[in-house]
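As C-alpha cells, the structure follows; a few thoughts come after it.
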Amino acid sequence: MTFRHCVAVDLGASSGRVMLARYDSKHRTLTLREIHRFVNCLQKTDGFDTWDIDSLEKDIRLGLKKVCNEGILIDSISIDTWGVDYVLLDKQGQRVGLPVSYRDNRTTGIMPQALVQIGKSEIYRRSGIQFLPFNTIYQLHALTKQQPELTAQVAHALLMPDYFSYRLTGEMNWEYTNATTTQLVNINTDDWDDTLLAWTGAKKSWFGRPSHPGNVIGDWICPQGNRIPVVAVASHDTASAVIASPLANKHSAYLSSGTWSLMGFESKKPYTTDEALAANITNEGGAEGRYRVLKNIMGLWLLQRVLKERRITDLPALIAQTEALPACRFLINPNDDRFINPDDMRAEIQAACRETDQPVPVSDAELARCIFDSLALLYADILHELANLRGEKFTQLHIVGGGCQNALLNQLCADACGIRVMAGPVEASTLGNIGIQLMTLDELNNVDDFRQVVSANYDLTTYIPNPDSEIARHVAQFQPKRQTKELCA
C-alpha cells in the first residue's frame, strides 16, 4: 500500500485536536491536517478542579466521525495526553466520579508525608522520577484518605489516554511511557512498585502491567462499520514529542515547549545518582527502551494565564511590544510552586517581584517580558545541570511544540544557553504519535528512521546565540533557587 492514513488524537491541558496524517511510503512524505479542534478546561465539581471528560470524549468521537464521513479509510488511531491524571472505574467499567486535575490543591502537604514515611532517596531509587507535588502517587494518597467512599467503588484506574482508548475499544491498557509519570513504576522492573503503591492506599489490582508503545489495544468501529485498530503509542504527550524531535546527535538536548516546558536528553540508561536526585531530574520512559532524562519547567502556563486574565487575543502584537523592552528588569523563578494555579497570575508575578525587591511589572508587555526572560534564564540553568549530570556539554538544543513558534523566546533561549537552537516541528506530539503508528503498521523501522522523515518534511528555524545580548551577560548572575522554593519543595 502506497498511502497510509493515521489519526492522532492529541489532548493538551488547554486544548485538544484530532489530526489526520497521510504518509506516502514510496516517497516518504508525511502531511498533517487538522480535522477538529476543541477546548479543554477545568471545571469546579464538589469543590475539586476536574476535567470535563464526557465533553472531551464527545469531541474525540466527533473528530473521528468527521474523518470517516470524508470517505477516508483510516489505518489506525491513537491518543496522547498530559501525564499523571487518571480516571477511576467500577467493576462494570463505569466511571467513578470525575477525574481530578493535577492542578487541584488536594495534594497540598501530601508529598512531605511520603518523604518522611518512605524516604526521599528510597522513592527515587525505586522510581527514578522527579518530585512534583501533583504526581499520581500523591494524588492517589489524597484520594484514599479524603474520599474513602469513592475508593470503595473502584476496580480499575486508567491514565487519561488509556481511558479514552478504553472508551473507543472496550479494552484496558496501561501504556508504559505515561505510567512512568506516576512515580509508581519501578525503574528496574518496568512494573508497578509494590511499596510505593501500598503507601498510596490504592490496590494493585486497579492496574495492569504497563505495556510498551506499539501494541494494538483493540478496534474502534466507525459509523460505516469498519474496524479500525487503536494503537498504544508513547501516550504521554512529551514522550511523543521527543520521538518527533530531529535530534542531530548525542550532544543534542530537547525542549518540548508548551503549557509545560520539558528539557532533557535521550539516554539508554537512567540517571539515579545522588546528584540527579539533588537536581530533581526525572527518568521518564521513552520508546524503544530509551529514557527521557529531563526536568519539568512551568513553561508557557504563566503566559497563558496572563493572556486569559487580561483578555489578550493578539499575541504577536504583545510579543512585538515585549521585544522593545529592556531585558532582565523583572525576574522570577517560574518553577516556584506558587505559580501552579494561583487565583490571579498577574498579581502572583507582581508579588514575587515585590518580595525580592525588584521593580514590579505593570503593563501586559512587562509581564510577558518577565515571563520570557525568566524562562530563558531557567532554561540555561537546567541545561547546565543536565550537562553536568552526563559529563558532556550540549552543542545544540531542539525546541519543539507550540512554544517553538515564539521567535523572541527562542532567541532569548539561544542567548541564555549559549548554544544553537533549532526550532520545530510545531506539531511534535502529534507527529510522534503518528510515528509509532507507522512503525506498528510496518511502514517505518524505528524512531531514528522516523526522525529522518520528520527532518525531510518539516522546516526548522535556526537561532544563533548572541554572546553580547543583555540576557547572555546576565546568565552567570541568575540563580533560580536563590529565594524561592522549587516544585520539588
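Cβ atoms are placed via backbone N, Cα and C, with glycine included.
It should be emphasised that the depicted structure is a prediction, and the values quoted were computed from it without experimental measurement.
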Open item on the list: A13, S14, S15, G16, R17, T259, Q304 show up in Swiss-Prot as binding ATP; which entry in G119, G128, G402 does that record put in the same site?
Closed with: G402
- [ ] Look at the disulfide annotations in Swiss-Prot and name the partner of C222 from this list: C68, C328, C353, C370.
- [x] C68
Task: Same substrate site per Swiss-Prot - residue from N173, N186, N296 joining G83, H236, D237, T238 - done: N296
Task: Cβ-based neighbourhood (8 Å from the centroid) of the substrate site, residues G83, H236, D237, T238, N296 excluded - done: W82, N178, T181, A239, S256, W260, L262, E284
- [ ] Might you list, by sequence position, any residue in that chain lying six or more from Q304 (ATP binding site) with a Cβ less than 8 Å away from its Cβ?
- [x] S14, T259
Task: Lowest local Cβ density (other Cβ within 10 Å) among binding-site residues: S14, S15, T259 - done: S15
Task: Pairwise Cα distance maximum in Å, substrate-binding residues per record: G83, H236, D237, T238, N296 - done: 14
Task: Of the recorded positions listed as S15, G16, D237, T238, C417, the one whose CA lies nearest the CA of C222 (disulfide bond) - done: G16
Open item on the list: Pairwise over A13, S14, S15, G16, R17, T259, Q304, G402, annotated as binding ATP, what's the top Cα to Cα distance to the nearest Å?
Closed with: 18
- [ ] Write out the long-range same-chain contacts of T238 (substrate binding site), meaning residues 6 or more apart in sequence whose Cβ is under 8 Å from its Cβ.
- [x] G83, S256, W260, L262, E284, R292, L294, S429
Task: Number of Cβ atoms other than its own within 10 Å, given for H236 (substrate binding site) - done: 32
